[in-house]
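Undergrad: Pasting a structure here, questions to come.
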Amino acid sequence: MAFLILLRHGKSVWNEKNLFTGWVDIPLSQQGIDEAIHAGQVIKDLPIDCIFTSSLVRSLMTALLAMTHHSSKKIPYIIHDDEQQKLMSRIYSDEEKSMIPLYRSSALNERMYGELQGKNKKETAEEFGEEQVKLWRRSYKISPPGGESLYDTGLRTVPYFQETIFPLLKNSKNVFISAHGNSLRSLIMDIEKLSEEEVLSLELPTGKPIVYLWTGHTFERHPEPLG
């Protein structure tokens, strides 16, 4: 058995400005920082063996802030993809036992919003029409100009989860994923076997952990909302 913790990052500066963010690398706002800290207090007693974030800083900030409250007192350390940096950052002492590996991957990045990135959501609706923007944002396979649909997002998140993260869970490793609304929705769609209609109605608030237990055969969602 193993725990899987999913956490949408805390509110970002552009969330507060009502701007499409996507892959633009925007940090957390003060509210987002507070949300990440609160989330850490909620999950502080759940076992965590490894952490995964997207390549975007708001996802990383959320994970690091949340872990400052973990009861294990273990320190996250980033495992870099670059082989030279990985070699140069090796730890040669027992200090490694007091740390938790953190892996970053663009496979977990937010849905890329293409030509909408940086634009105000209200002004975009006025420019293109509310129905068109609703199609871009809330349909499953329709993507904004130059961007990704939720379906496209799942084409990178789900294989990464199945090939990299799921084997750890099957090996009884407890995993914490700090990512984004749409990347997590695509993962939950796969985990819970949701239909297209069901995933479109799925809303994930910022800074609210979702916890699953991998039983060895299936994922069981924690029955009560956390936090």
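Just so it is clear, glycine is given a Cβ too, placed from its N, Cα and C backbone atoms.
Here the structure is a predicted model, which means the values were calculated and not measured.
Annotation comment: Swiss-Prot describes 8-15, 21-22, Arg58, 110-113, Lys121, 137-138, 181-182 as substrate binding site. Taken from Swiss-Prot, the feature active site, tele-phosphohistidine intermediate covers His9. Feature annotation from Swiss-Prot assigns active site, proton donor/acceptor to Glu110; the stated evidence is sequence analysis. According to Swiss-Prot, the site 'Transition state stabilizer' annotation covers His180, on the basis of sequence analysis.
Are these features on the surface or tucked inside, and what are their neighbours?
TA: All protein chains considered, the CB of Gly181 (substrate binding site) has 18 other CB atoms within 10 Å.
Around His9 (active site, tele-phosphohistidine intermediate), taking its Cβ as the centre, 32 other Cβ atoms fall within 10 Å, counting all chains.
If you draw a 10 Å sphere around the CB of Glu110 (active site, proton donor/acceptor), it holds 25 other CB atoms from the protein chains shown.
Counting only residues at least six positions away in the same chain, the Cβ atoms of Arg8, His9, Ser54, Leu56, Ser59, Leu108, Asn109, Glu110, Arg111 sit under 8 Å from the Cβ of His180 (site 'Transition state stabilizer'). In three-state terms derived from DSSP, His180 (site 'Transition state stabilizer') belongs to neither a helical nor a strand segment and is classed as coil.
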Undergrad: What is the total of other Cβ atoms whose distance to the Cβ of Arg111 (substrate binding site) is within 10 Å?
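TA: Its Cβ has 27 other Cβ atoms within 10 Å.
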Undergrad: Which number gives the other C-beta atoms within 10 angstroms of the C-beta of Lys11 (substrate binding site), all protein chains shown included?
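TA: So the Cβ neighbour count for Lys11 (substrate binding site) comes to 22.
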Undergrad: Provide the three-state secondary structure of Lys11 (substrate binding site) computed with DSSP.
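TA: In the DSSP reduction, Lys11 (substrate binding site) maps to coil.
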Undergrad: For a quick check of packing: other C-beta atoms within 10 Å of the C-beta of Arg8 (substrate binding site), how many?
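TA: So the Cβ neighbour count for Arg8 (substrate binding site) comes to 27.
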